[in-house]
């Protein structure tokens, strides 16, 4: 429809509205759970987060492949792609950001430079480019991309946040 054509370029705003709406329930559950158990974000290392995000990428790829097998035409629908698939993809990042906002120990994991994340992000970026160049849309290209993008996103958060933290938090005689 014409209305969808006019707003489809703002897809990420739509995803943010959906994530914000869904987060009301998710964070209510987090608060109830936090009262019954002691949160331990300090126990979550970047290696554990990488494994979790790898598994989330595999899970997302499995959902996408299942939809492709059962009803492939729906994956061509832009509205479904933005409302359902993109929202599913970005939920882990949204929740991780909210948890990092609440727990300073978790935030410190991303503002502290990690050589492993830097090397992992560079390797994942090369894998992403190779998948785009040599992958076949008829095979597992999109599923592979989901896994690569999920872990690369996590690692790039560390790279960008730690670099920004280092470059923007320094004393300068010119800046008061």
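Think of each number as a place in line: the chain as shown, counted from 1.
Each Cβ is built from the backbone N, Cα and C atoms, and glycine gets one as well.
As the structure is a computational prediction, the values presented were derived from the model and not from experiment.
Straight from TrEMBL, the features:
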type     : residues : note
DOMAIN   : 4-174    : domain 'Acyltransferase 3'
TRANSMEM : 6-30     : transmembrane segment
TRANSMEM : 42-63    : transmembrane segment
TRANSMEM : 83-104   : transmembrane segment
TRANSMEM : 116-134  : transmembrane segment
TRANSMEM : 146-164  : transmembrane segment
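Of the Cβ pairs linking the transmembrane segment (42-63) with the transmembrane segment (83-104) and spaced 6 or more residues apart, 3 or more are under 8 Å, so the two regions touch. Tertiary neighbourhood of the transmembrane segment (83-104): same-chain residues 11-12, 14-15, 18-19, 22-23, 26-27, 39, 41-42, 49, 52-53, 56, 60, 63-64, 75, 110, 146, 149-150, 153-154, 157, selected by CB-CB distance under 8 Å and a gap of 6+ residues from either end. Sequence-distant neighbours of the transmembrane segment (116-134) (same chain, 6+ residues past either end, Cβ-Cβ under 8 Å): 46-47, 50, 141, 144-145, 148-149, 151-152, 154-156, 158-159.
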